[in-house]
Amino acid sequence: MLLRLVRRSYAAVRPLSTEAATTVKSTRSGGGTSTTTSSEGGTSTATSSGGRDTLGKRLLSLIYAKRSAVIAIRKWKEQGHPVRKYELNRIVRELRRHKRYKHALEVCEWMRVQDDIQLVSGDYAVHLDLIAKVRGMNSAEKFFEDLPDKLKVQTTCTALLHTYVQHKDTAKAESLMEKMSECGFLNCPLAYNHMLTLYISQGQLEKVPRLIEELKKNSAPDIVTYNLQLGVFASQNNVEAAEKAFVELKKAKLDPDWITFSTLTNIYIKNSLQDKAKSTLREMEKRISRKLRFAYASLISLHTNLESKDEVFRIWKEMKSMFHKLSDTEYTCMISSLLKLDEFGEAMKLYTEWESVSVTKDTRISNLLLAAYINKNEMEKAVEFHNRMVQKSKPPSYTTWELLTWGYLKQKEMDKVVGFFKKAVTSVSKWDPDTKMVKEMFHVVEEQGNIQVAEQLLVTLRYAKYVNTEIYNALLRTYVNAGKMPMIVAERMKKDNVKMNEETQKLIGLTSKMTVTEVPDFVA
């Protein structure tokens, strides 16, 4: 939850436009949000000009990254059209909004070499941020180093700091903050908000109070600062501190936004303060609109946590009437909510609707229903649903195979477990070890004395480059329970570069007195 709140607030911290980067200050007394977010609502020439041919429309139509924005601009000029800086700035904002960073960077680079376009520090800040997104942090650093000293000002330093935060480079971010302090560049909350975001994302919550105190000495917190602070209190389940911060926010004459009330609602729900949660949720809903579409998913989730089924259906109905097409993310949110509310039939209806309208075939949504069947211990229906996924051309993902592995593991059908586990491991280039799953699989095969499956698991884990002493000990315990003696265990451990411990030697001693088994054909 805390990381989700960080990401929401983080969007409000980014310097997204020349205008925003040039004017780095928070809107007070009724502004409601930081000026760094104002560019989010910027409208491109393309979208505001109807059917008329515009430069913005041409640049936004360059869907494929390999196409050149520079060529499009040159062609526009060759046809006798003027190219104005303010228009290009709007286009850059729109391209960024659509995450078309390469084309936005090409526009910035083109502007930089034009003699008739005068750039200011805010333009260079946007340019630096785009370089970081397209070419990486090192290229952004070099761009900053190559700037004339007169352009190494608050806006460009803040853009570089933002880059360090995105790359989670705490050492460089803290060093830059010190330099910015020496230069008097910390007279607004933006840089502090960046650092708060970094500390929270890294789990360094102990640094947050000191940083906020420092911010209060040099400037004044804005709504983003308070939202980040509330997110910390939510993670700590500290109702008193959150309410105190909210009072302070109101005294500062800042207008709380939907994130503020969403965070407070979450805190109240976690502490079973239902009346307060319903009150803040009503305030949250007053502050969302069509332009804040992503807030509706949060609204549905919070009503779900309050077990307000009618409200969940009401919000969903409102979304369907408001938006022409709902996204996979929105369907995911609603289906998840219905499953939490034990409305399995409604969830399946909605899934069928999603299947009929979506072109993405995103297995993450299918896996929600698959997991629901498995949690209900309905493996036969889970397999039927899995077959439906395949028939609908939804290729199974790692999570699909993992869910089926867990499902059969709960039923201790180990032959099926090892088959699905192998599919899971071989479906990814690098397996991130699920130690809980491995431990449970070996626990069951030990109980059963199923040496065949134990050996197959070892082979699969060797393929995944995850073999250790404990796994070999589990294998040996399985042989002990089966009353069998394994062959060439010491040789295999040596080949896998796995060392014996005291338990290994004890287990080998026990099995040496048992019936000899043949080495399975699949054992390397």
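Every residue, even glycine, has its Cβ placed from backbone N, Cα and C.
Bear in mind that TrEMBL entries carry predicted annotations, made automatically and left uncurated.
Residues or ranges marked as region 'Disordered' in TrEMBL: 20-52.
According to TrEMBL, the feature compositional bias 'Low complexity' maps to 22-51.
The repeat 'PPR' feature in TrEMBL is assigned to 222-256 (among others). Each residue in the repeat 'PPR' (222-256) has a pLDDT score, and their mean in this model is 97.
The annotation repeat 'PPR' is assigned in TrEMBL to 362-396 (among others). Beyond the ends of the repeat 'PPR' (362-396), by six or more residues, the same chain brings 328, 331-332, 335-336, 339, 344, 347-348, 351, 354-355, 403-404, 406-408, 410-411, 423, 427 to within a C-beta distance below 8 angstroms of the stretch.
Residues of the repeat 'PPR' (222-256) grouped by DSSP class, helix first, strand second and coil last, total 26 helix, 0 strand, 9 coil.
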